[in-house]
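Chemist: Right, I'll just put the structure down here and ask away after.
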Amino acid sequence: MIIDEILARKIFDSRGNPTIEVEVYTDDGNYGVAAAPAGASTGSYEAVAIPVDDAIAKLESEVIDQLIGEYAADQEEIDRLLHEIDGTDNFSNIGGNLSVALSMATAKAAAASFKMPLYRYLGGAFPTMPYPLGNVLGGGAHAKGATDIQEFLVTPIGAPNIDQAVYANTLVHKRVKKLLTEAGIICHKGDEGGWAPQIKDSKAFEIVSKAVDEVSGELGFEIRFGLDVAATELWDGNNYVYKDTKRTTEQQIDYIAGLIDEYNLYYVEDALQENDYEGFARLTEMVGDRCLICGDDLFVTNVSRIEKGIENLSGNAILIKPNQIGTVTDTYNAIRLGRQYGYSTVMSHRSGETTDNTIAHLAVAFGCELIKTGVVGGERIAKLNELIRIGEEIGNDRMTESPL
């Protein structure tokens with residue numbers, strides 16, 4: 001399974017922005033295809049995406065000749081070569097968007113050569129299903145003028161199988177709309193398909209909490225509530241700036257801890273700005289026994305930043321975004337390191353997505369407890385439906401154990 005051809009094209013993501021799709025062909029007649037997503041609220045330490053036309057030009061001028069003739073199943077070597085060709089620590093030369101699409105497409109080509117689904121090729125014989133974590137309401141960078149908190153999330157940790165888990169999140173999403181409509185609130189959608197009404201955070205908590213309680217009662221299993229605060233977007237260098245108030249770091253920690261207890265939150269992502277390891281540690285010490293304190297911008301799927309978090313006891317969960325770090329190997333290394341030190345891992349989409357379903361396979365292959373991939377919208381459903389298909393193969397009731 002020697003790589004003998006690589007093609008790339010410009011396609012468009014769910015926001016209508018250009019992105020790159022890569023095809024990798026092997027000499028045994030198999031191939032893999034993958035596309036790069038893009039974020040709206042991005043961490044400063046992420047792999048750098050470059051303009052698509054530039055990425056395609058870099059592929060043709062600097063990358064293809066180096067990869068043709070390589071063994072597609074040697075993922076570590078392929079990804080090492082991508083780093084070597086790029087020559088920077090953040091893929092700012094060839095582009096993290098090119099590297100992640102090429103790395104994932106190579107893995108899919110190798111899996112096809114072995115006549116195996118990607119999750120089994122990468123992950124082995126005993127996979128389990130992650131719980132879906134979906135955005136049902138939000139604002140922030142995903143919907144200007146709506147809530148300060150970027151995402152109000154739900155996850156059905158009591159669901160008996162992946163089918164019911166996906167269904168539960170869709171019901172909560174619909175129930176949120178019903179409650180908003182009954183309250184006379186106009187419903188729009190944000191980038192990820194969550195409702196984006198122009199309401200205060202307090203009203204959003206009231207509505208989502210009620211929707212979760214109602215649907216959980218109707219289905220007969222536990223559904224929990226979570227947040228992506230995206231606090232770096234609120235931070236002005238001194239305070240967290242909300243529409244109607246400012247909070248110091250200490251006030252922000254107390255505010256988030258209070259919300260966790262008031263609403264029995266299961267998951268809080270990016271509660272503090274991307275460099276506040278100490279603040280994350282304090283919050284984790286306060287509430288980490290009953291809530292996942294997850295770092296996204298804090299860790300950016302980067303081993304060196306995760307190591308710093310481990311040293312400081314910052315958080316107890318890591319958001320995993322392959323395009324933040326640029327390759328499948330680096331993604332796996334981040335997950336492996338976190339797991340060694342007791343961190344839960346959450347595979348994640350981006351706000352600008354395509355119908356590429358690779359992250360569904362990566363979540364299963366690498367044993368992530370949760371997968372954050374929205375609730376509705378074709379580019380979100382593509383991942384959720386792929387999880388259902390995977391569930392048919394491995395047993396859709398083989399849900400992972402809830403980390404809390």
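Keep in mind that glycine also has a Cβ here, set from the backbone N, Cα and C atoms.
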Chemist: Considering the Mg(2+) binding residues Asp228, Glu269 given in Swiss-Prot, which of Asp201, Asp296, Asp297 is annotated for that site as well?
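Modeler: Looking through Asp201, Asp296, Asp297, the residue Swiss-Prot assigns to the Mg(2+) site is Asp296.
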Chemist: For the (2R)-2-phosphoglycerate site that Swiss-Prot gives with Gln150, Arg350, Ser351, Lys372, which of Lys115, Lys189, Lys321 also belongs there?
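Modeler: The one candidate that Swiss-Prot places in that (2R)-2-phosphoglycerate site: Lys321.
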Chemist: Here's one to test understanding: among the recorded positions Glu192, Asp228, Asp296, Lys321, whose C-alpha is closest in space to the C-alpha of Gln150 ((2R)-2-phosphoglycerate binding site)?
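Modeler: Going through Glu192, Asp228, Asp296, Lys321 one by one, the closest to Gln150 ((2R)-2-phosphoglycerate binding site) is Asp228.
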Chemist: Go through the recorded positions Glu269, Lys321, Arg350, Ser351 and tell me which ones have a CA within 10 A of the CA of Glu192 (active site, proton donor).
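Modeler: Taking Glu269, Lys321, Arg350, Ser351 one by one, the ones whose Cα falls within 10 Å of Glu192 (active site, proton donor) are Arg350, Ser351.
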Chemist: Tell me the Cα distance separating Ser351 ((2R)-2-phosphoglycerate binding site) from Asp296 (Mg(2+) binding site), rounded to the nearest angstrom.
Modeler: 14
Chemist: Inside 8 A of the center formed by the CB atoms of Asp228, Glu269, Asp296, which other residues of the chain have their CB, for the recorded Mg(2+) site?
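Modeler: What remains near the Cβ centre is Gln150, Glu151, Leu227, Val229, Ala230, Val268, Asp270, Cys294, Gly295, Asp297, Leu319, Lys372.
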Chemist: Tell me which of the recorded positions Lys321, Arg350, Ser351, Lys372 ends up closest to Glu269 (Mg(2+) binding site) in space, Cα to Cα.
Modeler: Lys372
Chemist: What is the biggest Cα to Cα gap, in Å, among Gln150, Lys321, Arg350, Ser351, Lys372, the residues listed as binding (2R)-2-phosphoglycerate?
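Modeler: Spelled out: the longest distance between any two Cα atoms in Gln150, Lys321, Arg350, Ser351, Lys372 is 17 Å.
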Chemist: Within 10 Å of Lys321 (active site, proton acceptor) (Cα-Cα), which of the binding-site residues Asp228, Arg350, Ser351?
Modeler: Arg350
